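Swiss-Prot annotations:
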- 150-163: compositional bias 'Acidic residues' (COMPBIAS)
- 196-212: compositional bias 'Basic residues' (COMPBIAS)
- 213-224: compositional bias 'Low complexity' (COMPBIAS)
- 258-285: compositional bias 'Low complexity' (COMPBIAS)
- 302-318: compositional bias 'Basic residues' (COMPBIAS)
- 319-334: compositional bias 'Low complexity' (COMPBIAS)
- 117-334: region 'Disordered' (REGION)
- 9-40: zinc finger (ZN_FING)
- 65-94: zinc finger (ZN_FING)
Amino acid sequence: MSTKNFRVSDGDWICPDKKCGNVNFARRTSCNRCGREKTTEAKMMKAGGTEIGKTLAEKSRGLFSANDWQCKTCGNVNWARRSECNMCNTPKYAKLEERTGYGGGFNERENVEYIEREESDGEYDEFGRKKKKYRGKPVGPASILKEVEDKESEGEDEEDEDGDLSKYKLDEDEDEDDADLSKYNLDASEEEDTNKKKKSNRRSRSKSRSSHSRSSSRSSSHSSSRSRSRSHSRSSSSSRSRSRSSSREHSRSRGSKSRSSSRSYRGSSTPRKRSYSSSRSSSSPERSKKRSRSRSSSSGDRKKRRSRSRSPERRRRSSSGSSHSGSRTSSKKK
């Protein structure tokens, strides 16, 4: 069979004999070269591409020939001499892979092989790793270690059973009951109690004294602070009273001055001077109050003076009237 006219179709199989390796058609049950029968070991062939044929070659107008083949995976058209695809490297004739299902995909769980694993009590597991319970122990044969441990445990049990009981004093309570009590001073306990009471009383007294002294010092400090605050308040009150008295004296002196000024300006009949003095007095509220007082006093003085001035005029008039009447009577007598 020439290689030029060799075409592989799906289902063709390769002879299982390594020396032969002939590719047989799918319809054959035995090898065409060596006559060996077809078995399950025979690998099936798979065509990675198909020839395009004459019709497609004519449509390409001389670009491709009828023997060129088209890849099944990527669809690229390759020359006839190529054994692999130029794009995806898929072989033109390949062996059919076995569908075991171990790698996933088609027929994934059909024929699954379960590995039977035996759990052993050995030092190492199935992967050759040392188990955790044996990691900290010294390296050695397991049988020897077990024998040594068994011997040690048996020896300890025998020692516990045959041990002397003399070290355990079982009659110790009875001996204590029958022992002499002469070595114990029973009266010493009472003396110790009295001494303890005295010491406690002394301590309580010293504590009470210290507390009393602390309280007295605190009270003295409080009283001193209070006296200081009182003296401070008194001094502040005295300073306040002084300031008040000085302000009163100052106001009185100002009032007397205003009164004297008002008296000096009484004789003048011009209203301008009075308005001038009133404008000066209105500069402050205190001056206005004092001026009002001085005005009231000046008005009272004016009334008194007017009444006084009128009274001598009346006297004069009365005296003149009396003199006229006397002269009239004297003239009548004449």
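Cβ coordinates are placed from backbone N, Cα and C, and glycine is handled just like the others.
Mean model confidence of the zinc finger (65-94) amounts to 87 (pLDDT, 0 to 100 scale). Taking H, G and I as helix, E and B as strand and the rest as coil, DSSP gives the zinc finger (65-94) the counts 0 helix, 9 strand, 21 coil. According to DSSP, the zinc finger (9-40) comprises 0 helix, 6 strand, 26 coil.
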